[in-house]
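Q: I am attaching a structure below and will ask some questions about it afterwards.
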Amino acid sequence: MPNHLIQAGILGVGSYVPERILTNKELEQMVDTSDEWITTRTGIRERRIADPAVSTSDLAVRASRKALEHAGVKPEELDLIILTTCSKDMPLPAGACLVQTELGAPQAGAFDLEAGCSGFVYGLTIASQFIATGAMKRILVIGAEVLSRIINWQDRNTCVLFGDGAGAVVVGPVAPGEGILASKLSAEGAGWEHLYIPAGGAKMPADPVTVEKKLHYVHMNGKEVFRYATRVMEEESIHLIKAANLRLEDIDLLIPHQANIRIIEHAARKLKLPMEKVVVNLDRYGNTSSASIPLALDEAVKSGRVKAGDNIVMVAFGAGLTSGGIVLKWSKGEGESNET
Ligand code: ACO
């Protein structure tokens, strides 16, 4: 192990969304809602839905292949695969193991990480620590969700919000002063009942009654989650920017978790960031939980919105309740690797 810490950064990014689009208009036929309500209260216009034969690990593999290609890294070079998700294929084993075999990454350790919609920033932070110590050189961090399978399609409070998709990054060493400058992981476990799936685990195993009562789907107290989100998005961002020794005016891009445009606009206002500096794609994908930040990052990178040297803040909140974020200085030239 080296006696100095190595800077960790993103070497490549990729994403994948299913083709099937579910519009607000279609939802009007399914539950008592309206395009107008969904658009004004959330900013969401449509979301992607995976085909029945496709699961979370399948989306994860597709996003990962693109991230590996972008990074110029081969699957067999990976030391670790972290799959962050709250809609895993099965309770056991970790979906990351299915991804590992499908990609052909026999050297890589593999595990799942569940931190609600904050999963991706949790995963990226953990990966950066292994890179920093020199223990590992190439880590794949994936956020992938098929939330359409864990949503009650008769509950208008939740079914209009979520969508399916995946995003992935390859993490590795970058030059000093670049890559991840600061990160923060937080949780307020006292709020766990504001967003949870009651049944299907050890606390309330599946039986015919839990199925009949639809206890295997997401239950949410939207108002409480909204209150938490508006508070922590601001607090976490300010803490992170200070920790990275930056000022608000040094931030080039905010990539927030894509849950609700009102939460994002509130954060941008508090951080005095014009919306041109904020990445928003929830209008097209809804809330894809762990996938939302890497999906938005990938679109921003591939559209040329992210430039080398940009200071990027990624900040998330989610079930747990959890929150967290990362500040990074983007160092990757399009199609180049940051090999050190
Ligand atoms: N269509 C029409 N009416 C609706 C719908 C809908 N889809 N959903 C709720 N309503 C109704 C409610 O029943 C309520 O009616 P009532 O006054 O008769 O009771 C009314 O609209 C207002 O409901 P509110 O909850 O006050 O609406 P609000 O403006 O707070 O928006 C929302 C609700 C969008 C859920 C908001 O609270 C929110 O975004 N919360 C955060 C949710 C979130 O981000 N969750 C994901 C977290 S990440 C993770 O880990 C998965």
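Here the Cβ of each residue, glycine as well, is placed from N, Cα and C on the backbone.
Taken from TrEMBL, the feature active site applies to Cys117, His257, Asn287. Feature annotation from TrEMBL assigns domain 'Beta-ketoacyl-[acyl-carrier-protein] synthase III N-terminal' to 111-189. The annotation domain 'Beta-ketoacyl-[acyl-carrier-protein] synthase III C-terminal' is assigned in TrEMBL to 242-330. TrEMBL lists 258-262 with the feature region 'ACP-binding'.
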Q: Under an 8 Å Cβ to Cβ limit, what residues of the same chain, 6 or more beyond the ends of the region 'ACP-binding' (258-262), are close to it?
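A: For the region 'ACP-binding' (258-262), the sequence-distant neighbours (Cβ-Cβ under 8 Å, at least 6 residues beyond its ends) are 41-44, 117, 161, 226, 229, 280-283, 285-288, 292-293, 295-296, 317.
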Q: Of the residues in the domain 'Beta-ketoacyl-[acyl-carrier-protein] synthase III N-terminal' (111-189), how many are helix, strand and coil by DSSP?
A: 23 helix, 31 strand, 25 coil
Q: Which whole-number value in Å describes the distance between the Cα atoms of Cys117 (active site) and Asn287 (active site)?
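A: Cα-Cα distance, Cys117 (active site) to Asn287 (active site): 9 Å.
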Q: Within 10 Å of the Cβ of His257 (active site), how many other Cβ atoms are there?
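A: Here the count is 32.
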Q: If you count Cβ atoms within 10 Å of the Cβ of Cys117 (active site), leaving out that atom itself, what do you get?
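A: A count of 31.
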Q: Measuring CB to CB from Asn287 (active site), give everything in the same chain under 8 Å that is also at least six residues away in sequence.
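A: Residues satisfying the criterion: Ile44, Cys117, Leu147, Leu161, Phe162, Gly163, His257, Gln258, Ala259, Asn260.
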Q: DSSP helix, strand and coil counts for the domain 'Beta-ketoacyl-[acyl-carrier-protein] synthase III C-terminal' (242-330)?
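A: Split by secondary structure, the domain 'Beta-ketoacyl-[acyl-carrier-protein] synthase III C-terminal' (242-330) comes out as 36 helix, 22 strand, 31 coil.
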